[in-house]
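Visitor: Sending over a structure as structure tokens; questions will come in a sec.
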Amino acid sequence: MKTKFCTGGEAEPSPLGLLLSCGSGSAAPAPGVGQQRDAASDLESKQLGGQQPPLALPPPPPLPLPLPLPQPPPPQPPADEQPEPRTRRRAYLWCKEFLPGAWRGLREDEFHISVIRGGLSNMLFQCSLPDTTATLGDEPRKVLLRLYGAILQMRSCNKEGSEQAQKENEFQGAEAMVLESVMFAILAERSLGPKLYGIFPQGRLEQFIPSRRLDTEELSLPDISAEIAEKMATFHGMKMPFNKEPKWLFGTMEKYLKEVLRIKFTEESRIKKLHKLLSYNLPLELENLRSLLESTPSPVVFCHNDCQEGNILLLEGRENSEKQKLMLIDFEYSSYNYRGFDIGNHFCEWMYDYSYEKYPFFRANIRKYPTKKQQLHFISSYLPAFQNDFENLSTEEKSIIKEEMLLEVNRFALASHFLWGLWSIVQAKISSIEFGYMDYAQARFDAYFHQKRKLGV
């Protein structure tokens, strides 16, 4: 998902340091032109008539040779797909310094970079070697550059916050990025995610996997849904070296709510939208939600926490395979959490299409929430992969577990709407990306109250 990001200070990027800092920088220097070649030719001198001896004349200056035409720069994507010069410069340096082989000697004018659209929390770029450059070993020809979004290094949304509070926010942001990077590296080593090529305070370099992200409509396809369920069950079964207490869900919502209650907008339309959202008495609503979910059994597992179509890759060349054609990516929100949230959140994402190209740059359709039949299809694929002895249970026992799980995930779907609703209000304040964050927040809270009515809670 897309947000404002910092690209560091004026110095060249360094792998050292944890805290991000926004600074100024300069544009990349223009590429030089080729050197002019010199040439000379020997011409015979002419003899003069009369009695005088012939004089040796100095040779005339060499005939001018045509200047070689400057070599055109490597083809680049259209201007609207190019990052700003400062970001391009830093991307080049990161690739040159962190990647081996041909990247080490790559000239800046040979460097290819283009923006990858579609995220809402990070800025993504594809960086590549030119076609004319041969690799020297097994180094990648293409990599993915991820620059962290503001939400990971979130500072207070209001400048009047105390210096101590600002320092705490900076520390928490740095801690979140360190944990996320460790998590990414572990998943890469276990072949459950892309390879990690480089890491630095502002982001990282990842394996570029030939693939495409799923479309929202594909989430409901039976074979796709079944494999997502199996992948999620595998994710939930992992043992990770992180805090096992399920603090993430309500801890994150409380942090976002604290920021939301302090946010001040100057734009009239945003003021009105915020006033409407605050009229829901969000602190009381959060306490009621907490009470409901505390009474809802749900195992604590290692959760992805953002399993939406943009974070699921359909691998190139495996489109027609029955299984193993998908890969989960983007683990920045992953943590130990309640299983019901991860699945309920995924079901909520069936309703939202983030590929819409006009304001507010998303479409919501509450009727796309999975039916009971679709939910049971997902759960029926999930449970055998999650619970080893599930297939040995009786039909009646299986039915009871499935019904309990339906209640679990549909209640925790409420938390998904509440969390991302608050998140979007915060993004409206701190993000520089063109997206209707306040409209999205309203859509999520509309769905939250709709889900409450359906559940009768």
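Glycine is no exception: its Cβ is also placed from the backbone N, Cα and C atoms.
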Visitor: Looking at S279, S355, S380, which residue has the phosphoserine feature per Swiss-Prot?
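Guide: Candidates were S279, S355, S380; Swiss-Prot attaches phosphoserine to S279.
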Visitor: Just to confirm what the record says: which one of K239, K247, K264, K273 has N6-acetyllysine annotated in Swiss-Prot?
Guide: K247
Visitor: Could you tell me the C-alpha distance between K247 (N6-acetyllysine) and S211 (ATP binding site) in angstrom, no decimals?
Guide: 34
Visitor: Here's one to test understanding: among the recorded positions F208, S211, S279, Q308, whose C-alpha is closest in space to the C-alpha of S121 (phosphocholine binding site)?
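Guide: Looking at Cα distances from S121 (phosphocholine binding site), the smallest one goes to Q308.
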Visitor: Using a 10 Å radius around its CB, how many other CB atoms surround S121 (phosphocholine binding site)?
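Guide: Result for S121 (phosphocholine binding site): 24 neighbouring Cβ atoms inside 10 Å.
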Visitor: For S211 (ATP binding site), list the number of other Cβ atoms lying within 10 Å of its Cβ atom.
Guide: 19
Visitor: Please classify the secondary structure at S279 (phosphoserine) using three-state DSSP.
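Guide: Its secondary structure by DSSP: coil.
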Visitor: For F208 (ATP binding site), just give me the three-state DSSP call.
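Guide: Once the DSSP labels are grouped into three classes, F208 (ATP binding site) ends up as coil.
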